[in-house]
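Asks: Following this message is one structure expressed as structure tokens.
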Amino acid sequence: GEIASIAQCKGQCGALATKQGPVVVSAAELTSSRLMSAVFQDVHVMIFIGFGFLMTFLKRYGFSSVGVNLLLAAFGLQWGLLMQGIWHLDDGKIKINIFKIINADFSTATVLISFGAVLGKTSPLQLLIMTVLEIAIFSINEHLVANVLGANDVGASMIIHAYGAYFGLAVARVLYRPGLRNGHENDGSVYHSDLFAMIGTVFLWMFWPSFNSAIADPGITQLTAVINTYLSLAACVLSAYAISSLVEHRGKLDMVHIQNATLAGGVAVGTCADMNIEPFGAMLIGLLAGTISTLGFKFLTPILASNLGIQDTCGVHNLHGMPGILGGLAGIVAVALGKKEGGDAAMQAAALASSLGFALVGGAITGLIMKLPVWGQPPDQNCFDDSIYWEVRIPVPHEYYLHFPTVKY
């Protein structure tokens, strides 16, 4: 059983001699290590399956959604280890442990959020440039928020979600394409592509409690983060379904709302996930997040595109941007009400302002660099189309079977 397994592992560890003598590992340390390994794997699934499949809703861009997501994530986590490690050197070296690789995945999440804002309109090389710059800027902001300001953002509503969303929106604004003002024939979904996107939604929804509790203090604090996220997500789903039915024709549901707004509760509760906000507070945040996100998809996204020139492909402003700000504001209120011991509401506000400032300025500068013609940005007519970067098997036309009914393909 488990006791035997622990004893066996302790025996194996004890056999590994060091200069200080045999290594002795307690049962509690082994249990903690196993728990963190499971949490890391949950976060890893969110990065590679959750984010990747959530973006497969475009009818001709599924290869790039999942494939480029894999490329950016694999590159970003390595770069994130270096960039974040610079701020935490140990005898001049970057030491790697389970918490460091979880944080590396977190840094990669900012890029994947920004990727959603420019999905279908950028080349892989442009996105790699964005990854380098965005993670470098993220590591500066994270150090400022966590170590200088001492703000609480355990689930990263501010430093990941708000930062990643507004960074991507700033890039999208700089890369604005007048030729896409009236839309593009491939900028849309079909039945099966929306179904694939729901795979990403479900994986993200299931594992979000691990995301928000991954770096929380072990024990009751970590359990609090799990419970608050669990309740916020559940309440968010109800509000997203209700509002979607209210604003759509004849009370029907819009798959775009269900794919995205149902996750907003996990984003919004992040900052105060480990605070004693009680079930009512967590569910209230989830209800507000689902409502704001759904209304944003319905009414705000078209306004951003037509009036501000921000062509937000995935609607990251509605899923990550506004809920991220809501999370930051909720954190300010919770700390002001004494829900976090040793917290400072002013520092929480400064952390939110810092995240937004770094995102907007850094995103604008990154967008200008990405706009240089050397990175192979696709022309308007090839946007939202896998075939410009991937070998794509073209389906045999239906007319072929009409002329050659006995030929097998």
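Just so it is clear, glycine is given a Cβ too, placed from its N, Cα and C backbone atoms.
Bear in mind that TrEMBL entries carry predicted annotations, made automatically and left uncurated.
So TrEMBL says this about it:
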DOMAIN    34-387  domain 'Ammonium transporter AmtB-like'
TRANSMEM  38-58  transmembrane segment
TRANSMEM  70-89  transmembrane segment
TRANSMEM  101-120  transmembrane segment
TRANSMEM  158-176  transmembrane segment
TRANSMEM  188-208  transmembrane segment
TRANSMEM  220-243  transmembrane segment
TRANSMEM  280-300  transmembrane segment
TRANSMEM  320-337  transmembrane segment
TRANSMEM  349-370  transmembrane segment
Asks: Short question: which residues 6 or more past the ends of the transmembrane segment (38-58) have a Cβ under 8 Å from it?
Replies: 65-66, 69-70, 73, 77, 98, 101-102, 105-106, 108-109, 112-113, 115-116, 119-120, 186-189, 193-194, 196-197, 199-201, 203-204, 207-208, 210-211, 213-214, 256, 259-260, 313-314, 384
Asks: Taking contact to mean 3 or more CB pairs closer than 8 A (sequence separation of 6 or more), are the transmembrane segment (349-370) and the transmembrane segment (158-176) in contact?
Replies: yes
Asks: Which listed stretch (70-89, 101-120, 158-176, 280-300, 320-337) has the most C-beta pairs under 8 A with the transmembrane segment (220-243)?
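Replies: When the Cβ pairs under 8 Å are tallied, 280-300 comes out ahead.
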Asks: Which of 70-89, 101-120, 188-208, 280-300, 320-337 has the most Cβ pairs closer than 8 Å to the transmembrane segment (158-176)?
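Replies: If we count Cβ pairs closer than 8 Å to the transmembrane segment (158-176), 101-120 scores highest.
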Asks: With a Cβ cut-off under 8 Å, give me the same-chain residues at least six positions beyond the ends of the transmembrane segment (320-337) that come close to it.
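Replies: That would be 113, 151-153, 155, 157-158, 160-166, 169, 264-265, 267-272, 275, 277, 281, 285, 288-289, 292-293, 296, 343-345, 348-349, 351-352, 355-356.
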Asks: Are there residues at least 6 beyond the ends of the transmembrane segment (280-300) whose Cβ is under 8 Å from a Cβ of it, and what are they?
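Replies: Sequence-remote neighbours of the transmembrane segment (280-300) are 227-229, 231-240, 243-244, 247-248, 254, 256-257, 260-262, 264-265, 267-269, 272, 315, 317-319, 322-323, 326-327, 330, 334, 339.
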